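Scroll down for the structure; my scribbles are underneath it.
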Amino acid sequence: MNYLPFVLQRRSTVVASAPAPGSASRIPESPTTTGSNIINIIYSQSTHPNSSPTSGSAEKFSWQQSWPSRTSAAPTHDSGTMSINTTFDLSSPSVTSGHALTEQTQVVKEGWLMKRGEHIKNWRQRYFVLHSDGRLMGYRSKPADSASTPSDFLLNNFTVRGCQIMTVDRPKPFTFIIRGLQWTTVIERTFAVESELERQQWTEAIRNVSSRLIDVGEVAMTPSEQTDMTDVDMATIAEDELSEQFSVQGTTCNSSGVKKVTLENFEFLKVLGKGTFGKVILCREKATAKLYAIKILKKEVIIQKDEVAHTLTESRVLKSTNHPFLISLKYSFQTNDRLCFVMQYVNGGELFWHLSHERIFTEDRTRFYGAEIISALGYLHSQGIIYRDLKLENLLLDKDGHIKVADFGLCKEDITYGRTTKTFCGTPEYLAPEVLDDNDYGQAVDWWGTGVVMYEMICGRLPFYNRDHDVLFTLILVEEVKFPRNITDEAKNLLAGLLAKDPKKRLGGGKDDVKEIQAHPFFASINWTDLVLKKIPPPFKPQVTSDTDTRYFDKEFTGESVELTPPDPTGPLGSIAEEPLFPQFSYQGDMASTLGTSSHISTSTSLASMQ
């Protein structure tokens, strides 16, 4: 990866779909975040163009004769690979309480396998059971029987109908890979055993089941239950169900002529960032002259990348929350091919940017930022929301120097004290031990992230780091955090409490949640009421000369001209329609007080395509 030439390096977010879909609740995307890719860092764009479009539902593939080149040292194909032009159905349904077998279903083979993560390349031992109906089910421990095993133990559920198998000896000896294509992307599931005999037994068993299912035209069983719809991704939702998911509060278009916000209501000033999903543009609302950051996303890419769930979550959280240290939403609307979020614009830069230039912050400055972060997270927790992706790149400063938490795509709703989730997501360097250890986790996961960012501020480095993710995860799980000699005992005690491996023993991990942290001696000088009211002056004020000063944004983008070109030259720019796939997406807040009667509101349905 090409990172900014700073002391710190940007960390890429890893996201996963529904609990235990396909890969131990790990269908992560491995995004590549560069220093110039501001859209993925600033305004809630936590997914990236290099994501693998895996999903929690059945993934249908068609084999092709020519395989795209992936590495210079191509793996050796097994001599017995399946014939081409077959269908490969690698499904990853959600965990259910059990999968009762039919009378015709039999266990073909079972035993321990090492399974490799698709993007975070660590190996995990799983007990797999191959059934005659094509299901390859992976468990944390050996199940008594698959019909009565609790969902906590079922981590993988693949269907191998029509799969192609390759045997390789990299990166571990006795490895075999199940491969297929989704869209134009190669999808792989990688396993390893201890001997050539074991590998031969597994590959032959899988190949025989796969071939038989194709020969007889059987369709592998895939449970339809979804136990966690908040995290489920696009491919698991039928179009009619998806439409319901996008029904959100707000003013929507109707035949009575109710005014709507469109792209025509804004004057576009500068490009703040761009990526595969779209652009973030600094704009001025014509009726009020107020500045906003408008994030314009491509629907087609959101659907193809299976990012509907994260977009839905982001939309819900933005609409339902109101806190001085969280980015806020003014409007959301859509064109025929775009989703548009009009969001609060802050131009003080990322904490990552500032810390990269200053190397460390003083304890007083860290205390101030930490207090505002803790206040924001405590508010989210009070609303039943956990954040799950705390890192310096997602922490912005406004023009006065106050914290603004951005990027809500990985939030999890309906998690209060005692309630847990198990989706594997976050950023590798910030992952809590309980997430890495496949345990259910709750609110305490955010306090681990708080400990990591505050450690970075005070110490100028991550508490645990290694370029090799296997080593990194081992450090997070077993290594004790070390502190430099020059920090105070209060700071050391706070960080040690936040970075406790056991979430039950972690500071803030109890029923009192945020209150336990606020009562720590390190924050003795903080008046929490005054903090929320912004009565405490920030220790640093960004050096911006005006609201349109974009010095903390990448000049690669801010120097670009803003071009919005309708595909139909005769159609007005920015006209919108609530098409069936995304009905009632619009959220327009107190529109009547801001648009004014002179605003031109278009009612046609032509597209607004961005160059």
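Numbering starts at 1 and runs along the chain as it is shown here.
Cβ atoms here come from the backbone N, Cα and C positions, even for glycine.
Keep in mind it's a predicted model, so treat the numbers as computed, not measured.
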Of K260, K286, K290, K295, residue recorded by Swiss-Prot at the ATP site of L272, G273, K274, G275, T276, F277, G278, K279, V280: K295
Listed residues S30, S92, with the one flagged phosphoserine by Swiss-Prot: S30
Annotated phosphoserine residue, as Swiss-Prot has it, among S12, S210, S525, S586: S586
Cβ neighbour count (within 10 Å, all chains shown) around D389 (active site, proton acceptor): 25
Mapped DSSP class for D389 (active site, proton acceptor), helix or strand or coil: coil
